[in-house]
Structure formats: C-alpha cells, structure tokens
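Have a look at the structure below, then the notes.
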There are 2 protein chains.
Amino acid sequence: MTRYVYQFCDGNKDMKDLLGGKGANLSEMTKIGLPVPPGITITTEACKRFYEKGQKIDSDLEKEICENLEKLEEKMGKKLGDKENPLLLSVRSGAPISMPGMMDTILNLGLNDESVKGFSKAISNERTAYDSYRRLIQMFGDVVMKIPSEKFEEVLDDIKKSNGYKDDTELTIDDLKEVVDRYKTIFKENAGIDFPQDSRKQMMMAVEAVFSSWENDRAITYRNINGIPHTLGTAVNIQSMVFGNMGNDSATGVLFTRNPATGAKGLYGEFLVNAQGEDVVAGIRTPQFIDEMENVFPDKYREIEEVAQKLERHYKDMQDVEFTIEKGKLYMLQTRNGKRTGAAAVNIAVDMVEEGFIDKKTAVLRVEPLSVKQLLHPAFDEVELQKAKKITKGLAASPGAAYGKIYFTSEEVVAAAERGENAILVRTETSPEDIDGMSKAKGFLTARGGMTSHAAVVARQFGKSCISGCSELVVNEKAKKFSVKGVEYKEGDYISLDGNTGCIYEGKIQTKEAEITGNLNKLLTWADEFRRLEIWTNVDKAKDLERALEFGAEGIGLCRTEHMFFGEDRIKYVRRMILTDDIEEEMKVLDKLFEFQKKDFYNLFKHMDGRQVIIRLLDMPLHEFLPVRDKDIEALSKEMNKDFDELKHKVSSLKEFNPMLGHRGCRLGMTNPEIYRMQVRAIITAVTELEKELNITLRPQIMIPLVGIEEEIASIRKNVTEVADEIIERENSKLVYEVGTMIEIPRAALMADKIAKHADFFSFGTNDLTQMTFGFSRDDADAYLKSYVKQCVLEISPFESIDTEGVGKLMDIAVRLGRETNPKLHIGICGEHGGDPKSIQFCDKIGLDYVSCSPFLVPVARLAAAQAAIKNN
Amino acid sequence: MTRYVYQFCDGNKDMKDLLGGKGANLSEMTKIGLPVPPGITITTEACKRFYEKGQKIDSDLEKEICENLEKLEEKMGKKLGDKENPLLLSVRSGAPISMPGMMDTILNLGLNDESVKGFSKAISNERTAYDSYRRLIQMFGDVVMKIPSEKFEEVLDDIKKSNGYKDDTELTIDDLKEVVDRYKTIFKENAGIDFPQDSRKQMMMAVEAVFSSWENDRAITYRNINGIPHTLGTAVNIQSMVFGNMGNDSATGVLFTRNPATGAKGLYGEFLVNAQGEDVVAGIRTPQFIDEMENVFPDKYREIEEVAQKLERHYKDMQDVEFTIEKGKLYMLQTRNGKRTGAAAVNIAVDMVEEGFIDKKTAVLRVEPLSVKQLLHPAFDEVELQKAKKITKGLAASPGAAYGKIYFTSEEVVAAAERGENAILVRTETSPEDIDGMSKAKGFLTARGGMTSHAAVVARQFGKSCISGCSELVVNEKAKKFSVKGVEYKEGDYISLDGNTGCIYEGKIQTKEAEITGNLNKLLTWADEFRRLEIWTNVDKAKDLERALEFGAEGIGLCRTEHMFFGEDRIKYVRRMILTDDIEEEMKVLDKLFEFQKKDFYNLFKHMDGRQVIIRLLDMPLHEFLPVRDKDIEALSKEMNKDFDELKHKVSSLKEFNPMLGHRGCRLGMTNPEIYRMQVRAIITAVTELEKELNITLRPQIMIPLVGIEEEIASIRKNVTEVADEIIERENSKLVYEVGTMIEIPRAALMADKIAKHADFFSFGTNDLTQMTFGFSRDDADAYLKSYVKQCVLEISPFESIDTEGVGKLMDIAVRLGRETNPKLHIGICGEHGGDPKSIQFCDKIGLDYVSCSPFLVPVARLAAAQAAIKNN
C-alpha cells in the first residue's frame, strides 16, 4: 500500500520528489539529530491523489493523516485544539523544486475560542495568544476561503485609528480580543460559514487549500517560466509551532553559514529577540546582526555555530537556515543551499575543497559559469547604483558600465575628450562618419538600431559600453537634447550607461575595475583538467587579445576584418573602391588598402605568439561603408571627380530591403573577387615577413563567411590558394595555412558533406544560423521575442542560448556530414553562443572541438566546458 | 581492340555517345535506306585518346582513319586529291549533345592546285571549282591555323573594289584564280607554312582542329551554361561532299516535316536552286518556300515528301532536315528532332497519337510543360514585337503583356482611365495610397522593389502586368517623366510592358488574347490519367478563380487575405486598428473589418462550388499597411484625433531592418490575437450562412503562416477552434473545418513532427523557405544571383526551381517527420515553385499530395505532374 504521510523522523534528504524540498530537509535535519520541531509530511503522491479525486481528500487519506497527527500529538505531549495546552501547527507547501512564495502557508493552526485561552495560560502571555489567534483567522480566511486580506486590515486600521494608535504594538489585550470578534464576523460574512472551531477540520481544510494552491495562476505561470513540470505536485508539511516571541529568552533569526556576498567564512545573518519569523521579514523592527548574538545569547550562539558546521559538513555546501529560540531552546526550522554571488560561489567552492568537504569536480560543478562574469566586467559601484535614478532601458548591446556628459555629434565628443571629459555619444543612430567620436567616447546610446547596428558592432569591437535601440528615446540632434517620456536631457548633462543590463541612469555613477582573485584562478585551473573543448576567443584588437590570453584563451576563433576598413584614413579608399566603375582606379585603391591591411595583420600576428588565428574575410555588405549624408556624398564626389547625382544614385542603389539576407560575405567574394584576393595577399605577406623577422612558425587560418553552396567555397578557395601559394613560393617560405568556412546558412549545414570537401575547418556562426533557421531578424525580433518568452512559446531567446531542438539539429547534421567527408575537420563555434554555458554544453555533446567567445567570457567558457564534459560523460 | 572509326553504314541512332548526335543520325538514315552521301565517323573515344596523347592523333589512330578513308574512296569510285575526279570531303564536329555553332567545320577538303582542275572538269564548272578552292583555303586558314577571316575578306573586297564589282557573283573565273593565289600568300604569311597540297595531310589537320575545338572558350562556356559534362568529347564526321550548285538541276534546302510554329501537317521550309547550303544561311539570295518546289522539281518534291514521312515514321517525331539535290539526285545531309513552339508541340503530339505513331504516354512526355504557358497568357503580337524598340529590362514581376500611356500618379491614372485611355502607372515604387490608380492601370512599372514589392504583389493579385526593380529607370514624378540612359519619356507617351520577360518597349504593341485549342484539352486530359498529384490553385479573386477552374484546378491551395485589407474603404480601418492604443477603439475597428471580411469570404465560397479552400490568415507585416507620406499621416492623425508627431513616430517605429524576417505571419497572430480571431469569425460566419442559404456542404481550411515553433501553432489553433466552435454551436451547424500551417521557416521543417501534432495539413511556402535556407533576400539577390548562374555556381535561380539538394532536403525531412506523427497529414506546396515542372517532379518524388499554383500555370502543372508520375515510376 502506498504510504502518503511521513513523520519527519522517517524521511531523508534524498526523498525530495516524494516529500518536497522542505520536507526532505526537515527530515534530514531530524535524522542527523538537529533540534527540529516534530511534524509530518503529506507526500506529493497524496497531492496527485487529491487531484485525481476531483480536488478532494478522500477518507483513506484523511485517516492516514489523522493517525500521523495522533503520533505527533503523542510525541509532543500536546493535543491539537486542546483547551489546556493545545498543540499549534504550521501548514506549509513544499514542492520537489523550490517555488518561493508561489504557494500558501498557514500558521497558528489549532487555535479556537477555547484553546486560545489554554494557549494563553501555557505561554503566560495573553497578548501573544490573541494576536496569534487573530492572525490565524486572517490567514485562514485568506488562504482557505479566499477572503481578501484588506477586509481584515480595514478592521485593524479602524481600531487603531479610533484609539489614536500608530503602531500594532500599541494594541491592548482587549483591543486584540475585539479584533478577533470582528474578524470572525468578517469571516462569516464573506465565507458564508463560521470560522471553524474544530481544529482537525481547520487542519484538513488547510491541507486542501495548500494542495489547491499548486494550481493557482501564480504557481502555473512560475512553473511555465521555469520549465517545472506541472505534474510534480506539492507536498504539505504540518509542523508543531515554536515561538520566538515568548519573552526575552526567545528569539528568531535567519542566517547563512558563510557570507553569501563574498564567501567569507563565519556566520552571516540577523535575528530579533522576542519575535516571530514573520517579524523579521516584515521589517517592522530592525534586526540585529547575528554576531551580536554572541553577547545576547552566548550559549545559543555557540550552539548555532555548531549546528551550522554540522549542516555544512552534512550538506557539503553553504546553508541558508531559519531558526527560533523558544524560552532558551534552539529549534531549526529550515535549511537549504544558500543563494550566493559569483564571487562567493567561487570562494566557497575553493575553500570547501581546501577544507576537504568536496572534491575538485564538485567544486567545478558548484559555480554557475555566468556568475563568474560578474567578477570580470567593469561594473557600477553597487551602493551608488542603488541610489541612482533610472531613466529608461534599451538593448544591452555591448557590456561594461560607463558614465559621462552627453554629446550629440562626433565633433563635440572629440572636443570634450580633448578637454579631458568623459563623453557619452547620443544619437538616433550612428554611421561610419561618427567613427572619430566613437573612438573617443566612453559609451554610446542610440534610439534606433539593434544588436548588430553600426553602434553596437563598433562598441563591441572597441570594447565600449553601448545601449542601442532605446525606443523611448527621442533624440533632437539639432537642439542638442534628448527626451524620455517628456523629461529632457541636454548636452553636457551626466548620464550613466549599464551595458550589461541596458539600463540608463541620470547623473554620474562611479565604476569599479574588474578583479581576478586567486580562488578564481584556482577554480579555472581545476576546470581545465576536466574540459574536452578548447576555448578560443573572438578579438580583433591587440588590447582585447592581451586580456583574452590572460583569461586563458587558446587561439583566436574569429578575427573580423571589417573594422579595419572603418578607420578615417581608410574609409575613403574603401568608398572609392566600391563606387568606381574604373577597373584601374579600383586596383589602385585596392593596393592602398592592401598596405593598411598588411600592417593590421602584421601587428595582430606579432602579438599572437604563435597561436592559431582564424581571420574571417570581409563579411559586411558594401553599402555599410558608404556615406549617408548628402554632405559626405558631395565631398566624395569631388574627390572622385564624379557627378553628385550619379554618385548618390549609385549609393542608394546599393541599399537593400533585407540586408541580413543581402549581398555580403562570400557573395561579395564571388562578385568582387579582388577584395578577397587583396585580403589574402595582405595576410600571407604579413605572415611570411613576420616569420622571417622573428624566426617563428605561424599558422594563419582563412575563413570564408556566409557559404551556402559548395561552388562558393570551391571557387574562393581556389582564389585564396592561388594568391597565397604564389607569395609563399616567391618568398621561399614554408608557411602552412588553412582555409575553412563559417557554417551560418541553413543550407550550409544541410550540404556540409559537400562543403567539407573544400574546408579544413568549420566554425558555426550561430547568430546568423539562428536568424535564418527561425526567420527572425535579430534587430527587429524584440517586438515579439519578449512576449514569446513571457508566454512560454520559447523558454529563452534563441539568441541567448542555442535552440538545441531546431538550430541544434542543423548543427548536429553539419558535424556528422562534415566529418563523413573530412574526418580531420576541426569544428568550433564563433557565434555569441560560444560564451553561453547551456550552449557550450550542447557544443560539447555534439562533438565540437572548440568554442570561441569574447575575451570576458573566456573564463565562463572554461568553467562551462568543464561542467559540460562532466555532465555529458 | 577498340574501334575508333565507323562507316555510316555501320552505326545507328542509338550510338550517340560514341558517334555523336550528327553521326548517329547519318548512320541511321543510311541504315533505313535514305540517300545519304557516304562517310565515316571518328568516335568520341578517339577524341578522348587525342587528348590523352597530348592533343595528337597517334599513328594507330591515323592508320585506322586512312583505312576507312580508302573504303570510302572505293565506295565512291573517287580518290581524295585525285587530279582527274577528286573526292571532296566535309569535316564536321558532332558531340553526343547538340552544341550548335560551338565547334568547327571545314568544307571542300581535298582541293589543291591540281585537283581543282580535275574537279572543274568533272563538274564542268570552272567557276564553282575555284570558288570552292578559295573557300577551302579561307576556312582551313581560319579553323586549322587560326588566321583571322578578315584577312581573306580584305583580299576579296580589294579585288571587287578595283574591278568596281558590288557582288561576289560578278567575280570572273580569272578573278577567282587571282583570289586563290593571293589567299595562298596570306596563308603562308600568317601560318608560316604553305597551304598543304597533300590532301590526306589536309584531312588529318582538319580532324585535329575539330578535336581541338572541343576545348575552345566558346565551347567550354556553352557546356558550363548548359550543364554538359566536359568529359564527353566530340566525334568527327568526314563525309563525301555533294553540290547543290551544279546548275539548275541542283538545289539545296532545309525543312521541317511539319510546321514548327503551329504543328500543322505538311512540309515547311525553304530551298535555293543552284546553291550551296551556306548560301541559304548567309541570306544573300532569298530562298523559295518549299511548296514551290512542287512546280520546280515535282519528282524531287514527292521524293522529299516520302523521305519526310519515312523519317517521321522512323523517329516518331517531327524532323528538322537538310538536303541537297546534285544534278537531279537527292541527298539527305542531316536529320534531327525539330524545335517547335508550345502550340506546335501540343498539336504534333496529339496528331501523332491520332495517326498511330505514338501512344498517349509518349505524347504527354513530348511536350515541355512550360511551353504550354505560351498558349495561355495574353502576349504581344509577334510581328509587331519584332519591330518594336526595347527601352530596357526590369524584373518580370507579374506576367502578361500590356501597353498604355504613362502616368506618374494614381490620380492621373484614374482620370486617364475615365477618359477611356489605356494607362501604365510608372513610379519609383508604389505604396498602398496608389491602390486606386493600380486598380485602373493596365500595368505597373517601378524603378525599385523586387518580386515581392507592393507593386508586384498587387499586380499578381489584380492579374496585371508588372515590371519592377527596373534599376536603369530614373523616375522624376514631379516633372512627370522618366529617363533611361539619358532618353526621356513624358506623361502621355506610349510604352508597352512584357510582364513575361521584363522587357519595356517604346510605343504601342498590340496584344492578343489567350486561346485554348482542342488539342491542348485532349493532351491535358490524357495527362490527368497519368498524374498522381492533385493540382490546386492560388487565387483570391472570383475572376481568377473562374479561369483556374476552367483550366482544371481541383481546389484553392492559397487564398491570401492581405489584399482584402487594401481596399480604399478598408485601409483606413486597418490603419486605425494598428495605430490605436485604445483597446475599445481596436475592437470597434475590428468589428468593422469583420463585416468586410465576412462579405469577402461569402463571395469566395459562393463561387467555389463546394471545393476545398485554404485560407491563409494575415501574413504581411503591419507596417506594410501604414501611410508613408506626411500628407497621409496627417489625414489619419485628424481622423484618429491624434498628434501628428506622435503618430509619425509610431509609424516609423514599426519599420523593420529586415522585414522578410520580421514581425509578421503567426508572430502577429501571437502578439495581436484579435486580428486572427476576427478573421476566423468572418470565415466561419460566412461559411455557415452560405451552407444554410444554399444547402450545401463546405469545408474551409484555415492556414497559419510562418510557424516555426510548436507552441505557435498550438496556441493559435486553440484560438481558432475556440472562435469557430462557438459560432458552429450557436448556429447549430455541422460544419467541419481544418487547421493547418505553412512550412516556410527552416525550423518548421526540422520540427515537423512536433508541429504535425497540431496540423491537419502542411503547405510548403517554398519562396520563404528558399530565402531563409539560402539566406537570400529575393528582393536583393539579383545583384549576385545572375552572376551565380552565369558562373555555374547555381544551375538555376532557386526561386525559379526548387533547390532539391538543400531546400529539398528540408522538405523531405518535413514530409517524413510530419507523417510520422500524423499519417493522414495532407501535404502540398503553394509557393511559386508549384507551377515549375522540375519542382513538380520533385514534389511528386517526395510524396506530396498536391501542388498549388497560379491559375495560368494550372495546365502546366497538370502536364508536369503527369510527366513526373511517369518518370518517377
């Protein structure tokens, strides 16, 4: 026969599915001899039965509950509803997976018109007794009978008002008795029945109410959002009450066994003398820090310390604990693994290994990889941030925190920077003309444009904070001001941008620099022992590269060549190259660009110290490089000695309806082969020169973007090797280089066997692959993606974490087909998902060789890759 | 031992791979006893050997050729290079697949300084002999020694000039002898050797030259374009020459055994008395029609008629024949299946079944499905078209031919139409404001916009001719004119648009209406006996529907609901619905739209006669409905009582970077569920009303566009059934309806098993599926797609014919996964590929149930489906 009810002393911590998290932990604490007020747990199976029987507790189940209640009464030497010394109970939900605050709780159960008197006598505190009774009626009315709490609050307010009280504590015992009477009236008026005086009936109704709360709207929504199965059901814990408000030898408190913010050893928490748990939460009285307890209750403090150590030793993790001291006796009411910051997680995990609690593998699994990010990025000072006034929110386009005075043109930013000011560039949207100001600004804020807008791309390349697509922003560049919901901000006003969250604040919030603690280093070194995936990085600037190498990157998985075209000294050549019809002029301009690019690649490889570097050939559509404003077109027309109208027509004819699906990447390489040939010439020339100069061996990898058709890569590869081999031969070099491709077009994944014939490596461009597989334009998708996540159509935006079902299926196909043709194929990912732990786990699972992510995410990826290897094994 | 040389009498028509097309047919004609001048064929294997030996004829092969030449000399009783009565030869290429004009030919081989005298005597015509000799030197010089023909032409011109001749025929025999001498001098000067007097050497050099011509640039390009393998090689045919220029009892001609334009029975062709084949081609003399031959050579005419019948009976197809009469004796020089128009193809196929030549299956396979289209669309009169001056070319966005006066605004078009004029609307691009003018114009021409631009979509819906994205067009709407490469066209000028080709012509070209002949009906009825696929149609107007049903459509596979929103009386409500923030206003406007939509669907179903209709819920992004011009926004702001700036901001905030991947289709259905609910209400209300009124049974199918996620269709289906079932219950109806989805997002194909749980049918939207699978924006892709096809990166644009390797793989996955979950799933295609024969063959192969195409393509699809079923079986 299925057992539906357990005494705390019968369960243990491994029975979470049956007893819920709270019940299992209460049992466990009981089992290891901690002072837990006795109680019983009605199982999740009972909950399922309750729903099967049409939301009813059938007589068999009721009988089992009552039998267990009797055992509890025996253990406590008190009876529920007893007139002399009644047993009081709390009734709480407790699901297998924590759903904090989602379901209902009832305290002080067992009080009625008679037992309240006995209780009063037993605790020698009439005030507490009647206060407990009126709380029971209110809670019971609310939870069981759905009577709005306000109705009860009104009565309390009324009595306080007519007596001129400000505070609940001023209520006399007679006042409280009046409250109880009037509460009962309200109960009857609204519930249609008297407040039940039969305590067993109270209990059964409370249990039913808790079971029912499993399916209240809040709980269903919570489960939808968090992906918790609706079939789990909740357990119900019925526990004998203890009271922290029985005088000055009583107290109640919460604590963490270590500091949850820093991980420092030693208790961290707070307590209140002569109070109940809810008083701590309600914030009416200010609690004391837990260390002050050493003075107030030295014995109890030591006892708690021992309990905390016992719990940590037992659970092998930092615990979040609730306790009550009733007349000098300590009771433990709850324990669970404590939530913590990234820094604390790292320190606790490492400390616990050193303390011998856990092994390295457990430590590596213990830290949420993304939480490591908090330790690395410049961020706002938390204290200042809490005081700051938020203006609005946009897209978090490039991470990092920044403050500065606002300016609306590139020129003004440059001038401000020369004056030594921190400047923030605010524009409707940025264009290549703004590049000077952008290089000098601390951050950018734009009203339009998405995660791949000009501002966002440049910001990430420059490593600057950027918030884009802030739709509430109305920018008036002429009047040098912007407004948000009618509030105006003028040139020179301070604002602060949080590129991690997309939030914009008024005024100046100080930032603090990233720190890497010794413990983080330790943890990551352990992670490296477990991971199978190599961790590469996406960079194209020497400064970022330095950081990435410091953070442990093993290669460059993506070096973009776009930004190299945007410099003030080059953009005009790029434009002339694009807009000329004269082949000679084109070749002349390409030679000029070759010189720039050669220098770029020379510097890059010089800093790479012999590591592998994947250079992606030009990916952007040509029109991104072109001038937008008539003024700039006119300047160019003079330089090129071309008719303005004709030039303008040509510029606008290059615009595209759907640039994401446009004439870019290898499509450009096919129609304008000279650009790629110039780039390859620059790469190979730079590398052969460097090899000679430094007498080292380099191994450049040339990556062709946006391939979808076998003939694209075949034809471009032919071009690449033609150019490269000629230089290598001429220079008498032994250089070995590789040619590979992005897999970012659905068709490329489907045709990977054919494409792999011409590729030495594959690198998944999951940003574009996601856009095309879903048909979502990332720049526009916010309008529905947010609501999709809210409505649980999607668990998470597929741009944040790889959609393993759909996009992942294509990746899996590509890996299998690719290796069928070319078993040596080196396969990785360089989309932004390369820094997302869930995505990394998937990449490990389908057998990629490496993930490549932005420098700041390298530590995250190291940890995530280790966890993936452990979990996938 | 491999045999490398065949006598014509040794081969047959099935040896095309070895003997080439021409050689095989010459052998076949010889075999069936037709008078073919004897000859030999050097095989394609010999060609391969030639290349293997480094482009040389080795001595073994030379020996085999000479042995066969000797056999030929024996047969002819003449010897090559003989002084008295020399054998003359033609040397011609002949590949297994016809490559007309791509490779080289040499005639009159065997003439030299001596044999020309013997030849002259033998034919008693010194003039012809020397003329033949000088032609040989020129041809040989050109083909074998690469001496530019101009150098020889200059000599001829010089002699003509110095004698004051206008025409070649004025040259005297002495003149011709001088020509020969001077030709030989030029030959030596340029080739570095004397013109070879040894006739066998001439022959061997000619054979080498023909083999070499297999790899000339023209031939390689031709093979690339037509997908002919470069490995096939060409055969060489060496044939004894016959002469049609041996006096008035000689002649030469070409003919088709039936009329290639109409298919009418009876010979169709032309001939020249006393002429050589090249004279017919050169056009110096005007040939006579073949039927006049009955008067000139009555016996020969009858002989030719008999040969033609014999050839048709033998080849079971209409033949394209070359012949020569030499001194009263008929020789057949070539036969092959004749090219023909669509009309001719249909008529010949049907006639040949009735004549007992072929069976129905062969007839069905004989007609190129797309050629049937020529029979159905209004087209320009061919005679007028040939005389017309082409202005430029744009995208063929909507088929049909139209002429009219040009106007630049909607208002002027309306006014012109009221005056009874044919009007063509010319704009940079059209917008919803132009709808009035568009409904009155005969066609639209736009400078911008692709195949899915507003103009193109409306044009196809209205069944009007449209040419869009004509980039050479510079439209000046203010000045009421446009220009192309500097040439201006003003308001009121006539132009003609060919929506089938994208060509724009000056002036007025008369159009002619479509005709359906009885033979076409017969052929299509036969096709219906063979096909497995159902043929449905894409329509949303009663007029198009009528045509589609007439053409044999079995259901409506796609009824778009977009255009129903564009009517002048409705668009303002649509706009208010989109732009209001007031939920009450929204519901009021939706009620208004409901009335319109109900009427639309009522009319549609009324004409459907109980057939199945798939109605697609709104697919377009909302911003497509919004006003663009300030004027229109202002009018709307007054109507809505809203601030202009605010409204303008809202309008522009709905713009998207990549509308193709934007907030449309079911994404709108998810974020704005009331629109779909309104549409469903309108459909179901209309249908239940009609069922009662007409006492018939209808079966509407509701199609959800752009699904990529299971939860999208699950959630919208729930909404649909909720609305529908409530009406059905209220109306006491027994209506059965279905809910299905488009498969047009790559992810939908990958997740088809999940999606099929909620779908009664799938319809492949291969336009969008192709865009996303390739990452090609159809509106922008022209810039590289054309060059991709030219460079053979793609065989054909994937928007014309399904890319079976990539997109097709997704379709195949979707069919298999979908039927795994739901074996009853009805699957079809409604993208434009539904009318493309190659795509239809693929759809048949992967097991679709139906294809749906535009009304004009229904006959094409019927025929293509039959061919597919036959070929796939």
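Placement of Cβ uses the backbone N, Cα and C atoms for every residue, glycine included.
As written in TrEMBL, here are the features:
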ACT_SITE  A:HIS454  active site, tele-phosphohistidine intermediate
ACT_SITE  A:CYS830  active site, proton donor
BINDING   A:GLU744, A:ASP768  Mg(2+) binding site
DOMAIN    A:58-289  domain 'Pyruvate phosphate dikinase AMP/ATP-binding'
DOMAIN    A:300-354  domain 'Pyruvate phosphate dikinase AMP/ATP-binding'
DOMAIN    A:421-502  domain 'PEP-utilising enzyme mobile'
DOMAIN    A:518-868  domain 'PEP-utilising enzyme C-terminal'
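A distance below 8 A between C-beta atoms marks A:ASP768 as the recorded positions from A:HIS454, A:ASP768, A:CYS830 lying next to chain B. Summed and averaged per residue, pLDDT over the domain 'Pyruvate phosphate dikinase AMP/ATP-binding' (A:58-289) gives 89. Between the CA atoms of A:ASP768 (Mg(2+) binding site) and the residue listed as 'active site, proton donor' there is a gap of 11 Å, rounded to the nearest whole number. Around the Cβ of A:CYS830 (active site, proton donor), 28 further Cβ atoms fall within 10 Å across all displayed protein chains. Taking all protein chains in view, 24 other C-beta atoms sit within 10 angstroms of the C-beta of A:ASP768 (Mg(2+) binding site).
Secondary structure by DSSP for the domain 'Pyruvate phosphate dikinase AMP/ATP-binding' (A:300-354): 29 helix, 17 strand, 9 coil. Helix, strand and coil residue tallies for the domain 'PEP-utilising enzyme mobile' (A:421-502), in that order: 18 helix, 30 strand, 34 coil [DSSP]. A:ASP768 (Mg(2+) binding site) carries a helical DSSP state (H, G or I). All protein chains included, A:HIS454 (active site, tele-phosphohistidine intermediate) registers 22 other Cβ atoms within 10 Å of its own Cβ. Between the C-alpha atoms of the residue listed as 'active site, tele-phosphohistidine intermediate' and A:CYS830 (active site, proton donor), the distance comes to 20 Å. Counting Cβ atoms from all protein chains shown, A:GLU744 (Mg(2+) binding site) has 26 others lying within 10 Å of its own Cβ. The separation of A:CYS830 (active site, proton donor) from A:GLU744 (Mg(2+) binding site), Cα to Cα, is 10 Å.
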